[in-house]
Each structure stands twice: as structure tokens, then as C-alpha cells.
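Comments concern the structure below.
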Amino acid sequence: MTREDDYVGDFRSYVDGEQNNSTKRRKLNSDEEFRPGNIIKVIVRNFTTYSYAEFKLSPTLNMIIGPNGSGKSTLVSAICLGLGGKLDLIKRKSMKSMIKTGFDNASIDIVLKGKKGDENVTIKRQMTEKSSTWYINGGLSDERSVKNICKSLNIQLDNLCQFLPQERVAEFAGLSPEKLLFEMERTVSSGHLLEMHKDLIDKDSEREKILQEVNDYNTKLEYLEQERDSLQEEVRKYKEYEEKSKELEYHRMLIPYAKLQDLKEKQKHIKRQRDVIKKKIDYFQSCVSPLITQIEKYKTDFESQKTEVETRNSEMRELQNHLDELREEKERTRETITQLQMTKTSLANRTEVKKKESESIRQEIQELKVKLEDIPQINEGELEDQKRTRDIRHNEMNDLKNQVYEIQDNLNTQISKLRNKKEKIQSLEAKLNSNDKFVILENSIRSRNDLIDNVFNAHMYLRTQLDFKDRYFEAPIISCDITEKKYAKFIEKVIDANTLFAFTLSDSSSYDALSSLLFSKFNAPVRLTKPSKNPSVPREKLSSFGFDGYLSDYITGPKDVVNMLNVISKLDMIPVSSKPLDEGQLQKLLAPDAEGRIPFMRFVAGEHIFTITRSRYGSRQFFYTSEVVPEARFFGVAGLTQQAKEQIKKDIVTSKSEYVTEKGEVEQLRDKINELRNKQSGATEMFEQIKSDIDRMQKIKNARIKLEIIISQKEDRHKKVEADTRKDLTDKIRHLNVKIRDKNKVSSDLNYQVSSQLSKLTEILIDIEKKEFLLLQSRNKVLNGEKLINSLSYLSDALKNAYEKAKEKYNEIKKSDAAKKIREQSEKYTEEQRNTLSSLAETYLSNGRLTESYINEKIKLIEDERSVMSTADKGSISRFEKTLVEIESLKKGLPTLNHQKSQLDSRIQKIFDKWEPELSSITASISRSFQRRFTGVAVDGRVDLVKSEHFKDWRLEILVRFRENSELKVLDHQSQSGGERAVSTIFFIMSLQDHTNVPFRVVDEINQGMDPKNERLAHKYLVECACESGSSQYFLVTPKLLTGLFYHEKMTIHCIYTSGLLPSAEDSGNGFMDFRNSAVSIT
């Protein structure tokens, strides 16, 4: 904290080496020395690292010095935040970082010099982490009011030309030339140049829109006039076609009249035919009547005889049925007798048969028992032991089999991995030795570029589709090569990204087949090739301009792809030179011919690509812009990079090592499987041996059991037969003899009945044959008569049918409503149609040609005539009329647009005439001031106003040169060192001094990176500039202080110290340099 004292120590005696401890004092500046908007005093509380600090400032140059980390930039931060600036201006993220640790609030007090005649303005900001409270001259206020005060005093905290804190020093050098021009315009004078510039940009943009609309109108008008001329011919063709169609329609409408005329002629002819046929029918009927009567008599006789024959046939069938029943009864009786006799014989021989059977069975039983004794008895215990052994061996076999299956599965997996590993090695080796440029895409897919990813996937897909082979060309980066690698970057620069990665299709059929697939599935770009035109300047004349050739001369590939690139990217219109062009050559390229044209709008020279544009204002001169092109990313790569190749080689070595290891594991698994299979074979052999023994024992056991069962069955049968031999059968035989005698008697009676029935049947058959003969004679008479009548009836029917048809046709014509329909149809016609049809009908009727056939021939002739006529769309007329309306509308609208454009041009020119001279004059003055001062620390420097066709592209370039053998380069964050940027920045800011009325400027640690010589010179110019009468108030913050610096009596030095050894704010003692009023202590 400083004491309330009016004097500060004299710093000059110290820096000049004077060791006299007697203190020289200088009177503090009075408020009258400050200009409106100057900062008189700043007080902070609990702000960053300060508990309390008070800065009493000079109206000229305030140099704030102190060690790193002592809090020098705190004053800059306090000025920014205290005057309503944003945290972004000092690159802080939150207000919490601005409040001293351990406190929840802070405050900033700033006293500003008021306008002439007004009191000073005291602004206070009390802030917490989330809110701020504002005071103006002790009264509660708001941030907007504070910003309004700053605006009225022309304080621009967001202007790097006025407020350049430490955090934004690098940002100044990184300002685009366009942004730098805006900042300069806002700084100089009253800022009206910036307002005019923005107004010009807005009006220029509006003019471009109107100009585009005028071009669209003219393009559309030209198209519509061509469309109109084309449609006039279409309308004529359509009218001719319609007239022929109308003639055709009238002839079609005439057909019913022709049909009616044909019917009248046909009616007369049919009436004559009908009358002739009627006479023939009457004569025929008179001749055929007697023959019909005789035939009817034959039919009556035939029916009577037929009835008699049917009656006798019925009697014969009844007799035959009865005879059949007798014969069946006779047969059944005979069979019964035969059965009884066989039963009798069987009973008589039965006892002897049973004895023989019993003896035979006994012998069989003896033989079977002998066989049973020959079959050994099987030990059941031994058989069960063998079965248990068999089961154990079977389980062992299954265990071994499962082990083999498990290892085999593992082996198959390992073999598959081994195969994949081998394929991977082959793929890597093929990729390493491949010349396919597809690897460029493959290496680029890691860039997270959607376009490259899409094109890569599309190429991968199409390479697998043989149906599409030879129907497309791959992207230029794959299919094309650059013959001169030094031009690769320029070719890649002028080709847009979509064309660089586009598929080329040579015809419309390929385009139809592939475009939708590539668009919808992969979103990959497609280009259709077109023939390129010859360049406007022949190649043999390029050398006169200093060029080696066109860009198209240094790219090779499929003809269709190269043509596409020439058409779209104009490679055959951009000349190239390996060496830079001198100023004379450049001026020659900018000189228009008699028609106002220049040879090239774009060309390459040395390491730059030049683009020529033409100003739309003033003298409309041509001017160029140049650009250094970075190295080619795709065309500059022949294939795999060396790094990629090394990585692939490492991958191959690693994969081969893994392959050898995995192959050894496969061999171990195979050995294990062979070992288990040997064990499995031994176990199987033992299992089969035991199984064979069990089967043998089981067969013996089953054979013995089967034989024992047969012996048991034979013994049972032998017992039954022995019982049958002891039975008595005499009574049964006597009873059978009685039955046989009775059945023989019945058979004799049946034979007599059959004989009697056969006699009757014979008499009936003879009578039937006689009657059938008579019936056949009567039937033949009827058939012959009917046949004759039928032959005559055919003639009669033919005559009747002919008569009926003639009668029907006649009545049909007589009753026809054709005439009625024609009258009804005629009523629907217009008067014009009826008159035309009547005239046509009379013409053809008078010539005897009003017939349907002739009219149809005429219709066919008209249709043929119409078919050879050129057809036209009916909508041509409406389109023609619509086109005329649109042409008229466009012609009315164009003058309005041209008038609007003319007005805009006038307003632009009016603003331009005020803005451009003043801006150019100020820029030239700033450039002279900058060059005058800057050449003291560097070789050369200037400030250029770079003009462009559009006002938004006008820019301000700070050009500097620090070495004799170098050329002027634009100040940016890449071309110069930090020290060079710093000295350039400070000299540019000083150059604005004569053209600005900003109340103060802040420069924080601008001298970082400067060499001592430049720092001393820059410091001298800054001091001189700041201490001039009527200049802005300056704040220069620096962490170091060289000896031998230039000082001015009007400047003030503020030393910042932080140490626990400093005296407290209440210390009233005097010491060296009396830091009580010029130093800030940190508590």
C-alpha cells in the first residue's frame, strides 16, 4: 500500500549509476495533464495475489516492471475487468481465478479522466465467483452503463491495437490480414472507416446477389427465347397433325352412314333369295307325304312283333333260372357224398397211421437227445465276467475316442490359424512389393475423413464385382501418375477434393448403372468424362510468357480420366514454370489485349500459384494474389511410405516367428493324436477279441436252449398220438354209411327234374328264333324307309334353314335401328360436324363409293399420311404461351434489377470515393511511420493495403525483413521468431499514434524474445512516441530491464515486488528510492 505522499523516487539517478543516497523528488502529475479517457488511478482489493494495491498512473508512459510471477499483469487484468472487458480478453476461464485464495469476493476501482468540462469518472466493480456489482461515482449502476462510458471515451478493450495483454500477444501476430484491417480501421480517427468498410461489404454482397439474379435472368431469358423458337415449329407441326387427325375423325364418323347404305343394298338382295327358297319348299312337301304314310305302317308291325319276342324271352329266362337252381342243388349233394366217403375211409385207416406217427416221433426224440449231449454246458459266471470285461474295454475305447476328438478339434483350430497366418504373411509381402497406388487410400483412412473412408470402401467393393469391370475408372489419385514430382502439389491444389477421389464413368449407360450404387451405398463422388477443348494459348507460345508447359502435360493416366480433369479442373489451361517470374513477366501476364482479355487467369511459377482477378470498381484493373502451396499429400506419394514399409517388414518378421511357433504346436498335437490312436487301436483289438468270445458262448447257450425246447415239444406230441391210437371208431363208420345212402337218393331225384326242364327250354328257344326272324324283317323295312326320309329331310332342312336365314336377315335389316342410331348420333354433333358429314356423304354417294369397305380404305390412307407426319406434344401450345408470358415477365423485371444494381453501384462508388482515398492515405502514412522507425531495428518494413475485387477480401499486411539476403514477408505466427514478432508489433502500434485518438494503450510483455539491441531501440521509440505531447497514455509491462535504456522525464516507472521481507503498508520510514509511492507491496 502506498502512503499519501506527493513524491516518488528519481529512478534515473539509479540507472545512471549515481550512488548518492540523497533522494531527488518529482512532483506527481496533476489531473489537468491527463486527457479524456486516461486512467488516473487503479485500486484493487483481494484481486488475484493482491490483498490491496494502489496504482497512481502517469498520463504518458507507465512502465510496470518486476520479476516473473510478481503480478505485473494484474494491473492489465484489473483495467480489462474494471472497464467491463470479458474474461476471454485475458484468457481466463472463470471469475474465481481472479479472486485471491481464501476470499469469496474482490473489488476494482478505476478513476478515468472525464471529458473536457466534466468531472473524473470513478468506476468500481465488486465481484464474486458468479456475480458482479457496478458503481459509477459511488452510485449503483450496471455493466451496460460502464460500457457506454468506455464507448464515449473511445476505449476499445477488444481491439488488439489498443489493448494487447500478455495472453493475446501471440494472437496479434496471428490476426488474419482482413481482421488486422478491421482492427486498424476501428482504431484510427473516429472509427468511421470501419463503418464505411462494413457498409461497403454489405452493399457489395447485396450487389453480388442482384448481379447473380441478373445473370440468372439473362440465362433464363436466353433459354426461354431458344425454347420459344423451338416451340413455334412444334406448334406448326401440331396444328398440321391436328387437321389430319380431324379429317380422320370425320371419316370414322362417316362409317355408320356407309354401313346404312350397305344394309339397304343388302336388303334388296336377301328378299329376292327368300322368295325363291319358299317356292322350292312347297314343291318338296307335296312329293314326300305318301312315303311317310307307308313307313308309319311298318313301324306299327315292328312294335307288335317286338312285344311277342320280349314275352318269350322272359319265359325262357325264368326257366333257365330254375334249371340253374336245380343244377346247383345237384352239385352240392354230390360234394356232400364225396366228403362222407372220405371221412369213412379216414376213420378206417386212422389207428394204423397214429401208431406209425408215434414211432416216428419217438425216434426223433432219441436223435435230438444225442445232439443235446454233444453241445457243451456254458458257465453263466464266466459269461457274466466276460461281459463286464467287455464293457470296461468299451468305456476305455470311448475315452480314447473323445480325447482324439478333443485334440483333433484343437488341431483343426490351430491349422486354421496357421493358414490365416500364412495368408497374412503372403498378403503383407504382396503389399510390400505391390505397385498398386490403392495403398495411398488405405494409408489415409486413419485420417477420419468421411470422404476418404467412403471412397476406400467403394473401391474395395467394386474390385470384387467382375460385372462392373471396364465400366469405370478409379479415382485420379490411383489411376493417374505425375511425371514431374515438383508439380504434384500444384496439380493436387487445383483439383478439388471430390474430383480427386471421384470415379470416372465414360458413357451414360455406365453412369446409369453405377452412379446410384455409388451415391446411395457409399456416398462416393462420380464424374462423367467429356472431351476437353484445346487451350486458348498454344503450347509452342508458352515459352514467350516464361512457362514450360501446362499442368496437364505432367499428368498421365487413362484418357477419359485426364479429359475429365481437364474439363473440371482446367489443368490444360494452367501454365507452369519451374522458376519464379520476374516483375516484367508478371506485368505482361496482367496486360489485357485489345478485347480486354488476359492469357491466363491462373498459373504456377516457382513455389507459388498465382490467381488473377479483376476489380469491379475504379479502373477495373487486373491484379493477382499468390499462395505458397504445401507439399502434395496424395500425388506426392508413390505408394507405401518408408515408415509404412518398415512397419510391414516388422509385421512380416513377427508373423513368421508366430507361424513357426504355431506350426510347432500343430506338430505336437499331431504326435499326441497318433499316440492316442495307437492306444485306441490296441484297446479296440482287445475289445473285439472279448466280444468274439462272448458271441461264441452266447451262440452255444442259445443252441442248447433251442434244442431243449424242441425235445420238450416232441415229447408232448408223442404223448397225444399215443392216446389217439387207443380210441374205438366202429359206431362212427356205421353212421356215415346211412348218410351216404340218403344223399344218393336225393341226387337221383334232382337228375330227373333237370332233364324235364331242359326239354321245355328247347321248345321255347325254337319259337324265339322264328319270331326274331320276322322282327328283323319288319325292322329292316322301317330302317330303309327312315333312311330314305332322312335323306330327303336333309334337303328339306337345308331349304328351310336357307329360308329362315334369309327371312331373319331380311327382318333384321327391316327392323334395324341403324338409321335411328345415326339420327341420335347426329343430334350430338355440332352444326359444323353435321354439315361436314353431310357434304362428305353426298360426295361419296354421288360417286357410288359410300360403302363401308371404301371408307375404311380411305381411313387407312389418312392414317398412313398422318403416321409420316412429325408428331408434337399437345402441351407445346400451352408451353409456347407460357414461355411467351415468362419472356415478357423477365424483360419487365430485368430493367428493375439493372436499376437496383446501378443504384447500388452509385452508392458503393460514392462511399468508395470517400473511404478508399482516406484509407489509402492513412495506410500510406502508417507505412511511412512504420518504415521510418522499423528500419532502425531491421532491414526493411512497410504496411500495405492489399486491395481485392470484393471489399470483404481487402486486407492489411505488415511486411518485415530482418536479414539482408531475405525478402519482405508478411508478419504471421510462423514466418518470424517470437522476438521479431514482438518488435514488429510494438512498432506497428506506435505507427498508429498519429491517427488514433484512443485514450490509452496497453502492451504486456511485448519485449519477450527480443535481442538487447532491438529491445533498446524499440524501447527508445516507444518512450519517445508515448511522451510526445498529445499522445495516448501507454502501459508497458515487462519482467526485465536492460541497462542503458532511454528514459524520458514524462514517463513513470512502477516497480512490483512480492516478498515477506517488505515493510507493511503502515511502515512510514524513508529508504532507498522511497518506494512508498512508486512501489506496490503485496500483503
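Just so you know, glycine gets a Cβ as well, placed from its N, Cα and C.
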Per TrEMBL, the region 'Disordered' among 1-29, 320-348, 349-377 spans residues 1-29
With TrEMBL as the source, identify the stretch among 659-686, 883-910 annotated coiled coil. 659-686
Tertiary contacts of the coiled coil (659-686), defined by C-beta under 8 angstroms and 6+ residue spacing from its ends, are 393, 396-397, 400-401, 403-404, 407-408, 410-411, 414-415, 417-418, 421-422, 425
What parts of the chain pack near the coiled coil (309-343), using Cβ distances under 8 Å and only residues at least 6 beyond its ends? 736, 739-740, 743-744, 746-747, 750-751, 753-754, 757-758, 760-761, 764-765, 767-768, 771-772, 775
Looking only at the coiled coil (207-280), what is the mean pLDDT? 77
